Amino acid sequence: QEHMTSGANCQTFTSSTVISYSNLGDGPKVYQETSEMRSAPGGIRETRRTVRDSDSGLEQMSIGHHIRERAHIMQRSRNHRTGDQEERQDYINMDESDAAAFDDEWRRETSRFRPQRGLDYRRHEGS
């Protein structure tokens, strides 16, 4: 797989989900965790992770944008039991002051890999 992802035109998507359910004790308890990663040539990656835990009341989501060794990771969490909310941003191999330029570079780099609108074939009337 590593050889495949190093190709000049290779894009990958991976996803995993874990769900645990228990109906012992004080009613049903559900734990769900999902992780996704999309990658494109040039060291471009997007990571997403969500966690929901009915036992603790925690809901958490994070999205990471990576360009080679640099990354901007945004995380939000909320606890339904306590009402606590938290929002956090981590910067890897860059400063917070570089965030706007990094986000612009991210949009520019990823726009090359978004699906383009298909050609619109129309029948021409007349001669």
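Just so it is clear, glycine is given a Cβ too, placed from its N, Cα and C backbone atoms.
Note that TrEMBL annotation is computational and uncurated.
Owing to the predicted nature of the structure, the values given are computational and were not obtained by experimental measurement.
Look at TrEMBL and you will find 30-127 tagged as region 'Disordered'. According to TrEMBL, the compositional bias 'Basic and acidic residues' annotation covers 45-55, 81-90, 104-127. Here TrEMBL flags 65-80 as compositional bias 'Basic residues'. The feature compositional bias 'Acidic residues' is assigned by TrEMBL to 93-103.
Using a Cβ-Cβ cut-off under 8 Å and counting only residues 6 or more beyond its ends in the same chain, the compositional bias 'Basic and acidic residues' (81-90) has close neighbours at 56-57, 71-75, 96, 99.
With a threshold of 8 Å between CB atoms, the same-chain residues lying at least 6 positions outside the compositional bias 'Acidic residues' (93-103) that come near it are 65, 67, 69-72.
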